[in-house]
Amino acid sequence: MENYNQTSTDFILLGLFPPSRIGLFIFTLIVLIFLMALIGNLSMILLIFLDTHLHTPMYFLLSQLSLIDLNYISTIVPKMVYDFLYGNMSISFIGCGIQSFFFLTLAGAEALLLTSMAYDRHIAICFPLHYPARMSKRVCVLMITGSWMIGSVNSCAHTVYALHIPYCKSRAINHFFCDVPAMLTLACTDTWVYESTVFLSTTIFLVFPFIGIACSYGRVLLAVYRMHSAEGRKKAYSTCSTHLTVVTFYYAPFAYTYLRPRSLRSPTEDKVLAVFYTILTPMLNPIIYSLRNKEVMGALTRMIQKIFSMKI
């Protein structure tokens, strides 16, 4: 590896799979999760697009979440699979920057989109009469566009910095993708200023949105508690619990990873936590939103019946 490092500017991703039967088992599991995520998110996008009953702001935002998750997991897993199958752990300098850019863009966009979805439920339950005005198609488009733009600007700043610092140590990144904090451990300059910006970005994209979501659902639960309709309370609790499950799976490991100082971080622990927000969450989101949502299940049933009736 030393000879490789001296003659190449490529990075080496040490990966997630140990060279043993356990590694093969984990690899197989990751591939199955990836396929489930692809099928689940594609199905959600197509179902929401084709079924007119789901042409509402809530499901418009949900379709965007599926689109982000679809790209999110595709940015990480295919490279992992290729590395394991062909034994080629290297990734070019530019390739590493591209992967990092898309990862950070999608991560930031998803964090902001989940906040928009919480706002949508807050307005729908607490201010139902104002919902058509506050959650119009124009507002939804602005929310989605803003999530993508802010995420990409933040990502661009971090990626450009990572590509312009000198690397003079081993080129081996102890991770399964080009995570900028993992890359910085290879830098030969002091990066404490950048680490402060990582803390700031994490606070803006994870802590503040989480506080906003918590406050939003606090008001939602209070409004639900005052409802006279038992069916209305049940539906509202189901929606809230679904969204909070998604938020917890995404925000908690992400925030715990990026808010810790470098001295307290462990590469092994970082990789395990990263599995939650890069691989498991994109697979779980469509499952949680479909299995716990009667409208989605109803749309799926109608679509299956339509397909069978066409064949007959």
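Any Cβ shown, glycine's included, is placed from N, Cα and C.
Per TrEMBL, these features apply:
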type	residues	note
TRANSMEM	22-50	transmembrane segment
DOMAIN	40-289	domain 'G-protein coupled receptors family 1 profile'
TRANSMEM	57-77	transmembrane segment
TRANSMEM	89-119	transmembrane segment
TRANSMEM	139-161	transmembrane segment
TRANSMEM	199-224	transmembrane segment
TRANSMEM	236-252	transmembrane segment
TRANSMEM	272-291	transmembrane segment
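Highlighted: of the candidate stretches 57-77, 139-161, 272-291, 139-161 has the greatest count of Cβ pairs under 8 Å to the transmembrane segment (89-119). Long-range neighbours of the transmembrane segment (139-161) within the same chain, counting only residues 6 or more positions beyond its ends whose Cβ lies under 8 Å from a Cβ of the stretch, are 57, 60-61, 64, 97, 100-113, 116, 119, 180, 194, 197-198, 201, 205.
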